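Peer 1: Have a look at this one.
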Amino acid sequence: MSKPLFLAAAPQENLPVPPRVLQAARGEAVHGVWLNALGGVTYRLGEGPAQRFAKWSPYTASANGAGRSAADELDLRLEAERLRWAADYLAVPRVLSLEEFDDGQLMVTAALPGQNLVSDVGKAEPKLAARALGRGLRRLHEALPVERCPFRWDVATRAGWLAGELRERFLTEAPEEDLVVCHGDACAPNTLVGPGYEVTGHVDFGELGVGDRWADLAVAAWSTEWNFGAGVQAEVYAGYGIEPDERKIDFYRRLWDAT
């Protein structure tokens, strides 16, 4: 079982805050809360109930010198579109603004109540946190209607991002799909909880789309090893209310690594 070469985490304190984020803060305090493997950074703007979150996705230079997003999955337009759709059915961050500049994209959202599962709250009780992760994922899958979802995250879509032989291998090996609307990055940091480990919402919806429930479950349980250590994956499945499907777990973890 592999582990990410780079675990997303809080940015270092000396990481410069982009001028676009400072402008959006309008004089309020700015705190870096999350740096992902692709260079995107999330900041908390202000304090208390009125606090907001700013997600900055920098552009990088492509081979021909044209600007492009750090990766397609970091295109904030795609996440904003998914957030606006999901908001009719689920507690998700409300999009306050989305701006595109020469050097990147900036999305500002309202805060949801709660703390993420890799905060001190989650790390204090890994078993309770893992069970909450599964419980929240089940609630998400039940709330979002497959028949109304315009986005795809199924095997055919994701394998289509791969080249030749690898693409064909995943398409050939794919088990029958049990379709739900997947979160797309159902890792512990993207689930928020309040008192008693009650799930209050989810964040980071850039990959949301219709796919097999195990595409989410396999990675959700896997993320507990990255964030809490070994021994609590079973709690995710228990919280969800499902028995592990080892074939699908293996398949969707390999697909996650490949894409």
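Just so it is clear, glycine is given a Cβ too, placed from its N, Cα and C backbone atoms.
According to TrEMBL, the protein has these features:
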- 73-251: domain 'Aminoglycoside phosphotransferase' (DOMAIN)
- Asp185: active site, proton acceptor (ACT_SITE)
- Asn190, Asp204: Mg(2+) binding site (BINDING)
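What's the neighbourhood like for each of these?
Peer 2: All protein chains shown were included, and the count of other CB atoms within 10 Å of the CB of Asp185 (active site, proton acceptor) stands at 22.
There are 25 other CB atoms within 10 A of the CB of Asp204 (Mg(2+) binding site), with all protein chains counted.
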Peer 1: For Asn190 (Mg(2+) binding site), what is the tally of other C-beta atoms lying within 10 angstroms of its C-beta?
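Peer 2: Other Cβ atoms within 10 Å of Asn190 (Mg(2+) binding site): 24.
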Peer 1: Between the Cα atoms of Asp204 (Mg(2+) binding site) and Asp185 (active site, proton acceptor), find the distance and write it as a whole number of Å.
Peer 2: 7
